[in-house]
Amino acid sequence: MCWADPLLLLPAAPYRLAAFPFAALFHHLCASGHLSLTARYVFLLTGGCLLAATAMGSYAVLLFIPAAGSVLILLSVSPAHAHTWVFTFQMSWQTLCHLGLSSQEPDPRDARPAIALSAIMLLTQKATSLSLDIHEGVVSLQLGQGLLQCALPLCSYLLFFPALLGGPLCSFSRFRARAESSGALPHQLRAAGQRCLSALALQGLRAGLAAGLAGRQGCAGLGCLPCLWAQALLLRLAYYMHWVLDEALLEVAGFGPEKGQGDLSLHDLQTLETTHRLAVFARTWNKSTSRWLRRLIFQRCPTQPLLATFAFSAWWHGLRPGHIFGFLCWAVMVEADYRIHPFLSAQATSQGMKLFYRGTTWVFTQFIIAYILMAVESESFSMLYLLWTSCNSILPLSYGLALLLLVKMPKQN
């Protein structure tokens, strides 16, 4: 299991790249004043429908049904109950899709089911974020304007093509504000170009690392720890590359995230790879999804919000054995992190001890994150069993034991 090629991540990458010219065309038409507000919404919605049909084929129906259903709910239910209905509908439909598609005999050459599931998960993010905005009074639907005028922005937001297959969560308020404005095209292209160059550099780094590891053979005992870390690093670099490309596409279309609101900035990348705190890594990893989970679950759960957040994340990802084990393990590791670091930092009184403490906990963080990532990516009980029974479980078990010993220690969030 050490040197197998990383799992194929987000197979929609070619379709993302094909969307760049249309994103630039949209922004150019908006900046030059050739598109009315209604035409902008129609352009974004039509582009999303065409992209879904091209990338997913007949599976695109699985995306269109919940999008239409959520819009109908928002237009027919009172704001006080909008979030409950949308959340229940979206997660029920998404769960049925996960169960239905996972029960089929997978064809490794057919990426359409995986693309459809990824798009449905992103749709759930947007729909529940919008329903929370309506429930909390952040967004008001002006139903007096007519059904079409009210439904068109909602449909366009849920299916607009720059964020259909990936990208950080864009709020409905920002989407509407950007759709109604005309940004400066040169600035958007410059920012997008910088992100594309970053994605190219990340891919080059990943290819170089993969080539360097290609000649290595198996491992045994504690020697599997570096193997696990290297394989997880390949996966992380693939995630980083796709996140940067997603943000570049949004930049080209004029919907780029606000500063600090994207999934991966240079500062975020530095934090992810240098932090010695598991809790900091959890908050920084896929930042827009972390903020969405915090708002949707953590801040609204009266008891055990941390455990509830990670458990819901496993549900949202599909409830495969690796998801359940990986995310619950992550919750335990973060809970242990909150107690281990106040204790260790109090013991590290000299400069040398502080450096030793930070260096050791950074190594532990790197290996535990690698363990969690490989658990989440496991596709079967057999792969998960091999991971659990290997020496790679030593560090997560040590953190779990530390949590039991320090359970009465005060937490440091």
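Glycine is no exception: its Cβ is also placed from the backbone N, Cα and C atoms.
Quick caveat, the model's predicted, so the values are computed rather than measured.
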(request) If TrEMBL is the reference, give me the range from 146-166, 230-250 marked as transmembrane segment. (result) 146-166
(request) May I ask for the residues of the chain that lie six or more residues beyond the transmembrane segment (146-166) and have a Cβ under 8 Å from a Cβ within it? (result) 10, 12, 15-16, 19, 22-23, 38, 41-42, 44-45, 47-52, 55, 63-64, 67-68, 70-71, 74-75, 115, 118-119, 122-123, 126-127, 130, 172, 175-176, 179, 242-243, 245-246, 249-250, 252-253, 255
(message) For the transmembrane segment (42-65), I need the partner stretch with the highest count of C-beta pairs below 8 angstroms, choosing only from 12-30, 71-93, 355-373.
(response) 12-30
